[in-house]
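Everything below concerns the one structure shown next.
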Amino acid sequence: MLERTLRVLEYNKVKEQLLEHTASSLGRDKVKHLVPSTDFEEIVEMQDTTDEAAKVIRLKGSAPLGGITDIRSNVKRAKIGSMLSPNELLDIANTMYGSRNMKRFIEDMVDNGVELPILETHVAQIVSLYDLEKKITNCIGDGGEVVDSASDKLRGIRTQIRTAESRIREKLENMTRSSNAQKMLSDSIVTIRNERYVIPVKQEYRGVYGGIVHDQSASGQTLFIEPQVIVELNNALQEARVKEKQEIERILLMLTEEVAVEADIVLSNVEVVANLDFIFAKAFYAKRIKATKPIVNNERYMDLRQARHPLIDPEVIVPNNIMLGKDFTTIVITGPNTGGKTVTLKTVGICVLMAQSGLHIPVMDESEICVFKNIFADIGDEQSIEQSLSTFSSHMVNIVDILEKADFESLVLFDELGAGTDPQEGAALAISILDEVCNRGARVVATTHYPELKAYGYNREQVINASVEFDVNTLSPTYKLLIGVPGRSNAFEISKRLGLSDRVIDQARNHISTDTNKIENMIAKLEESQKNAERDWNEAEALRKQSEKLHRELQRQIIEFNEERDERLLKAQKEGEEKVEAAKKEAEGIIQELRQLRKAQLANVKDHELIEAKSRLEGAAPELVKKQKVNVKNTAPKQQLRAGDEVKVLTFGQKGQLLEKVSDTEWSVQIGILKMKVKESNMEYINTPKQTEKKAVATVKGRDYHVSLELDLRGERFENAMARVEKYLDDAQLASYPRVSIIHGKGTGALRQGVQDYLKKHRGVKTFRYGDMGEGGLGVTVVELK
């Protein structure tokens, strides 16, 4: 990709924003080296990877990338035998922990059913080095100091140091508290000079304490003396400190050697977490600019829906639909300057660059983008003073370079093509240049203010005109792109709005040819038609989305209904079988007891009476099972079924009409607005004459369950009551009830208020009111359902 193209399309500014979302210098380094790819498979994988990270952010809010630093140079130094400092080792341990934590985070999400195949592959490359991590953290504290517990020897040495320091301080403090101390000392303190304990002695008393002078004050009046009585103690302390330093170095070398052994694994883990930091930075950036994953195709067309420029505030910019490559390969945007043509041009270019870099782009869902091997852009005034080039010459140098390199795998962006010279010659050059790049199969977007190019889009099959809408009422551009409508100057309308007289404007119109006037009028009508068509499309699209949403909701309710029904059937069957088993055991017990009584001659009971009693008890058991079980699947209907027959679908308890037979055992059935496949064993033929369909109250829970027309909540706790209201309204809607009543009582009014607050937000509620005098008054709410 040409560096000039990246510069004029402000690709580096996008990277600067992306840098703000990295968690470490590792991720920042990846962003700095980011360039668009031209490999189709790589781009698709990068987009899928960013999408998985975006899914993690949607579900979890963030990713645990804290504590990770760039430890690569430290690890490489360890490999060649250089001793690492405590802080360097601590950075390695923290990064090992961060990589292990990230691996566990992704694996936990996968274990919980979240599909993250690409991220799972990434974290699978992370090798846990828990033992090495713990060795380092057991030896080095959070502040970067080697702790006493790093070795028994170090603990012993530090005990000696603390003991020696305590003895020295005790002796010196006794000296400072003596009766003569106030006279001989400048201050009653114990301090340190040259790593040895000293006291501040006045110059004239230096011989009283003996020992060694280590320092003096700026005035020379105070000497910092190590008294003779503690010289040996200070010497012992220094020896212990030397031993401490040697032991610390031994521990650091030992840890460094262990890092060196695992260096290749550590470096591999670092590369993985660097990529993860980079991936999640792209996902966070997508969230920031409200971007989505585009569909990447290899067929050289793009369909950007509601595209926005990522560097412009999304609350300010006007999104546009931009299509290129299917019905036309070139878009020529005409119209006056300051209308937003250049922004549109840059939006196309930066969206392509971002997509080919694995970044999501600021467009609506289902947008498509293709892969270009080269992107050329001639945008802005980049004339060179040193080369003494004019604006026109500067553009032409760039255009010559583009014409030498552009091919069918190129996207070419021209801003104000042919500008900077005589309008007639400039327009002619613009047409020839466009013809040249179009003939090479390149995809082209060009802006121009030359009116001669308006006809260009009508005379070439693969070229279409476009313009940026201008509001003559506000005298400002709306920045709305109108594809298929060439731009017009609007000079007469603007002049009239600003107060120029009709007489002057009419005279001006007379100076323009009739054909030009006709073209301007035609363009105005095209603009109006475009607006109307777009408005109609938006309304139709809104209805389509609403219908899809309703369809999904109905499917969800049916699935929930089936699951709940099956659960109840299983529960009822289990309870029935338990009751049967209990009855059998009780019967056996009774019979056994009767036999024992007879043997004891305490009762006159015959065998045939015992057998008869047992048979009655056993006969009751199948009946109980029969009552508990509900046969969902009946035998196939005996009636020969044909398309158009009315049947009852047993699993739903709903009527439907047969559409067509899809297999030997299955039919396509229309049930209300739903169409589904149903097995013949799951339906009953209804032998009724065809008549005008009437809406009936449906039994939605099977043959033994009916939805009541009222729900009584009196005595319920608030949370339980709300849950019952939610389920009851869903059941009532499935049963097609037009109206139901909810009894909440009068009481304190809290339950009544809670019910009515919930009804206000329920999507299936049309209206609601208090009950009339005969309906329960303020203790009842009557609900009208949609």
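The backbone N, Cα and C atoms fix where each Cβ goes, and this holds for glycine too.
Taken from Swiss-Prot, the feature ATP binding site covers Gly335, Pro336, Asn337, Thr338, Gly339, Gly340, Lys341, Thr342. When Cβ atoms from all protein chains are considered, those within 10 Å of Gly335 (ATP binding site) total 28, not counting its own.
What Swiss-Prot lists as domain 'Smr' is 711-786.
Broken down by DSSP into helix, strand and coil, the domain 'Smr' (711-786) contains 35 helix, 19 strand, 22 coil. Taking the Cβ of Lys341 (ATP binding site) as centre and 10 Å as the limit, one finds 27 other Cβ atoms among all the protein chains shown. Each residue in the domain 'Smr' (711-786) has a pLDDT score, and their mean in this model is 85. A simple way to gauge crowding: the CB of Thr342 (ATP binding site) has 18 other CB atoms within 10 angstroms, across all the protein chains here.
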